[in-house]
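A.B. asks: Once you've had a glance at the structure underneath, I'll fire off some questions.
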Amino acid sequence: MRENKLGKRIAFILLAIVCVIWIFPLIWAIFTSFKSEAEIQKVGFSLIPQDWTLANFLGLLQGNDSSPVFRWFVNSMIISTSHTLLVMVIVSFAAYGYTRLTFKGRDLIFALLLGTMMFPGVVNLIPNFKIVDTLGWTNTFLAVIVPGAAGVYNIFLVRQFILGIPKELDESAVIDGANELQIFYHIILPLIKPVLTVVALFSFTGSWNDFLWPSIVINDIDKLPITPGLQLLQGQYMTYPGIGTAGAILALIPTFLLYLVAQKSFMASMSLQSGIK
């Protein structure tokens with residue numbers, strides 16, 4: 001009993017240390033964003049601001065021609081929302097096709113798709129850029145919305161969920177005269193809403209936080225999303241950490257709110273096939 005309690009205490013202490021290591025930088029950034037630059041530049045460590053101010057946030061939202069932060073924020077909302085909707089449409093239809101439709105080479109094609117997950121994403125940067133450039137999508141939102149919409153992992157996740165749905169439901173619908181599209185829309189789609197919520201959450205946060213690809217395909221500063229925009233902000237205000245941390249906090253708000261709204265569906269989908277069999 002004593003050894004068991006000691007082990008739990010040690011595990012609790014280790015988890016607490018890890019938690020502090022992860023959370024403290026975020027807490028520091030939040031408090032720093034509410035400090036004046038004069039207070040930040042003072043010698044010595046101070047976590048909680050002595051004089052709370054919104055000057056850093058107001059300065060960012062007002063913006064200027066070289067750092068239109070509010071425009072970057074709107075751009076990210078348009079890009080991430082459009083990308084997420086496109087992902088959900090493509091992934092749901094593709095997963096349905098790889099589970100319910102029968103065609104020659106279906107399993108081989110899916111196996112080849114899974115094999116592509118073994119390659120690092122940077123391998124596709126140059127080919128994808130050439131395709132985007134050929135289509136004339138550079139410096140447009142399409143360049144960051146369309147590529148990656150048919151993510152193999154998302155298709156695999158939804159496919160595994162659909163495999164847990166009894167085919168007897170499909171057969172009953174066929175007897176009642178339903179076609180493939182009606183089966184998908186009225187039977188499969190309502191049942192896969194939990195896993196689609198997870199896919200939407202991951203797709204939105206992935207698109208919102210993406211830095212490398214938007215930096216490659218978008219050169220117009222007015223069309224940048226907020227994540228690569230913050231890099232420019234860091235270069236412009238490198239001696240003003242208050243403005244930099246305020247920009248980082250603004251960038252965190254949408255994904256944090258999205259998780260709060262979707263956390264019930266997210267937790268429910270962890271058991272994927274529960275309530276179906």
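Glycine is no exception: its Cβ is also placed from the backbone N, Cα and C atoms.
Annotation source TrEMBL lists domain 'ABC transmembrane type-1' at 73-262. Per TrEMBL, the feature transmembrane segment maps to 12-31, 72-96, 108-129, 141-162, 183-204, 240-262.
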A.B. asks: Between the transmembrane segment (108-129) and the transmembrane segment (183-204), are there three or more CB pairs that fall under 8 A, provided the residues in each pair are separated by 6 or more in sequence?
C.D. replies: no
A.B. asks: Going along the chain, which residues at least six beyond the ends of the transmembrane segment (141-162) come within the CB cut-off of under 8 Å?
C.D. replies: 75, 78-79, 82-83, 86-87, 90-92, 94-96, 98-100, 110, 113-114, 116-117, 128, 131-132, 135, 188, 192, 194-196, 198-199, 202-203, 207, 210, 213-214, 217-218, 223, 225, 272-273
